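As recorded in TrEMBL, the features of this protein are as follows:
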type	residues	note
TRANSMEM	12-33	transmembrane segment
TRANSMEM	86-104	transmembrane segment
TRANSMEM	116-139	transmembrane segment
TRANSMEM	151-171	transmembrane segment
TRANSMEM	177-196	transmembrane segment
TRANSMEM	228-245	transmembrane segment
TRANSMEM	251-270	transmembrane segment
TRANSMEM	282-299	transmembrane segment
DOMAIN	302-392	domain 'Cytochrome c'
Ligand code: HEC
């Protein structure tokens with residue numbers, strides 16, 4: 001049984017699960033932040049109730065109430081929200097291990113950035129995953145964080161430092177996923193280590209006939225708000241592997257920060273809109289950031305091909321044969337690759353021409369070959385680009 005083939009199935013099933021649980025988790029996060037922001041004053045005079053909301057959904061009417069601290073009595077049944085978050089992390093971390101750790105020399109390491117052995121790269125990656133949470137959590141619990149502004153400044157600083165460090169250690173693509181995984185880990189740890197334990201203490205106090213300490217509610221709410229601002233950035237980071245233009249430049253850590261900022265601005269717009277403030281400047285700024293990025297990242301078309309002689313198709317075939325077709329073939333020979341990645345093949349003339357534009361993009365940004373592991377030269381890249389620019393003809 002072919003291990004690489006099995007690993008493709010594992011990857012598909014875990015990714016599927018990851019998407020489903022992630023949607024459920026982020027859906028509840030959006031839902032409850034929205035609910036909190038759109039409560040009307042309570043109508044039935046219960047002094048313990050903070051607010052209520054009437055809603056209609058799926059053909060039914062709903063009335064929801066939020067309590068200031070807790071109801072007078074613990075209800076018999078209490079619905080908890082935690083498995084969405086836990087399974088998102090379990091599946092996400094499994095995928096990360098399968099792909100970025102299991103195939104570190106392809107996905108995590110780029111010798112042009114730092115020539116790490118796969119083992120060292122994985123160790124640094126793991127240390128950063130744990131370290132990010134530990135530092136964030138310590139600061140959140142410190143006196144320093146009592147001031148919301150301090151905490152925001154710290155959050156931004158932590159992100160800037162992590163992005164800079166990751167992008168100078170790992171491949172661009174690996175660095176983006178690393179920051180995504182660190183952020184996701186912080187979000188899940190907020191649930192597992194702060195929100196849920198606090199809620200357990202609240203419930204235990206009520207079972208003992210006492211009023212729960214409101215500090216647990218405050219702490220939980222703080223982490224839940226952090227999580228909501230991280231949702232859009234983390235989702236961008238998770239889909240970024242498809243878009244080499246975001247992570248392949250020398251300034252990729254700045255690009256990461258800029259797109260993260262744009263995501264957080266858009267989330268802030270929706271949060272404020274829920275409380276009746278329409279700050280269109282926020283999404284306008286997010287769009288401006290993206291437009292500036294798009295202009296700055298406009299490819300200088302990789303290596304210069306002005307005035308170059310167009311290579312023959314035979315030459316192009318020779319280049320793809322030695323640099324691409326070990327992986328991109330009907331039957332890949334590269335260890336660990338079971339089927340042509342993304343269905344992209346360079347093992348026959350029609351396929352080479354069919355994938356010419358995709359080839360141009362990958363070759364110009366140096367996203368392919370991964371980590372330039374087949375040591376493709378600039379001259380070879382220029383030839384491919386010149387051939388595509390001249391219409392990708394088969395002579
Ligand atoms: C070591 C194996 C390997 C080699 C060599 C390799 N690739 Fe890839 N290629 C991959 C993998 C793995 C993916 C899928 C990446 C992913 O999961 O996003 C991929 C994806 C692609 C894609 C699709 C990108 C997308 O996101 O749609 C293109 C196009 C591509 N490669 C072109 C090339 C070209 C051109 C070469 C030679 C210059 C090359 N590759 C060499 C492994 C390889």
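Counting starts with 1 at the first residue shown.
Cβ atoms here come from the backbone N, Cα and C positions, even for glycine.
With a cut-off of 8 Å on Cβ pairs spaced 6 or more residues apart, the transmembrane segment (151-171) and the transmembrane segment (282-299) reach fewer than 3 such pairs and are scored as not touching.
Only pairs six or more apart in sequence are counted, and the transmembrane segment (12-33) with the transmembrane segment (228-245) gives three or more Cβ pairs under 8 Å, enough to call it a contact. DSSP places the residues of the domain 'Cytochrome c' (302-392) in helix, strand and coil in these numbers: 44 helix, 0 strand, 47 coil. Counting only same-chain residues 6+ beyond the ends of the transmembrane segment (116-139), those with a CB under 8 A from a CB of the stretch are 100-101, 104-105, 108-109, 145, 151, 154-155, 158, 162, 165-166, 169-170, 174, 178, 181-183, 185-186, 189, 193-194.
If one looks beyond the transmembrane segment (282-299) by at least 6 residues along the same chain, the residues whose Cβ comes under 8 Å of a Cβ in the stretch are 245-246, 249, 255, 258-259, 261-263, 265-266, 268-269, 272, 364-365.
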